[in-house]
Amino acid sequence: MLLDRGASVDVTDLDGSTPLIRASVHGHVDIMRLLLDHGASVNVTDELGRAPLISACGIGHVDIVRMMLDRGASVDATHRRGRTVLHVGVLESNVDIARMLLDRGASVDATDERGRTPLIDASRYGLVDVARMLLDRGASMDVTDEYGRTPLLDASENGRVDIVRMLLDHGASVDATDKYGRTPLLDASENGRVDIARMLLDHGASVDATDKYGRTPLLDASENGRVDIVRMLLDHGASVDATDKYGTTPLIRASSNGRVGIVRMLLDRGASVDATDRVSHHAFPRNGAEQLSVIRRNFASPIPGLVFTSL
């Protein structure tokens, strides 16, 4: 009735939203069709740069997405932070929408303002089905964001086992580094991702890779109490006395953080109990009699200023 009485089809509110944008946000298919039939602008955007197609992808409404594309909506429309329609569809984990967008010509490796692609997003959040489809459509596995992060790095850090397996099976670089020199194995070791660490090692990841601070996977795992990963790294030949740029060893980190089991394991593998870093931290525990006992039983040489008062 309002349209028949001459109401403006593209009138905007204070947020820059038109009736078509509002209808797309709420999934009102019939109203959208009516507005489009009366000449509503299909690519109009609000103050956030959000077009109706982006809103439709955001709510996962397949029929609206199809209708908007049929009416000429831009398949590579972007909104805030440069995120494309495909980025939005991927984050909704909607395979049907993502496939439809790609079928209509959406760029599979489109990047937002941070250099993130749809595959990086899918890998970070563990969206397995969407990631598989993106790879099948030729998405780059070794693309990097502004921090040099690849899909495999994000998947490894966040414990996305199935994604990691998929990326490795497709040939992703197992030792790719970000701008800080972090590798997938470093991230997996720090965060206790046992299955992922094993998978990366089985695919040839460097067991003694170092970041820009000289930290190795073993040092990160020792500091954070990742017992199973420490054992795995040592079994794969990790250097037990590797030092970071400050001269810190895995034993010093484990001792400082009260990791008794790891202290024992490192000593059993021959870690130097007399190692010191650049600020004179020794490779001995400071948190309890049990840890001091471990050190003493391994015949540490006298350490200036250390008195065994708790044994």
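The backbone N, Cα and C atoms fix where each Cβ goes, glycine too.
Taken verbatim from TrEMBL:
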REPEAT    15-47  repeat 'ANK'
REPEAT    48-80  repeat 'ANK'
REPEAT    81-113  repeat 'ANK'
REPEAT    114-146  repeat 'ANK'
REPEAT    147-179  repeat 'ANK'
REPEAT    180-212  repeat 'ANK'
REPEAT    213-245  repeat 'ANK'
REPEAT    246-278  repeat 'ANK'
Long-range environment of the repeat 'ANK' (213-245) - Cβ separation under 8 angstroms, sequence gap at least 6: 180-181, 183, 185-186, 188-194, 197-198, 201, 207, 251, 253-254, 256-257, 259, 261-262, 265-266, 269-272, 275, 277
Confidence summary (mean pLDDT) of the repeat 'ANK' (213-245): 97
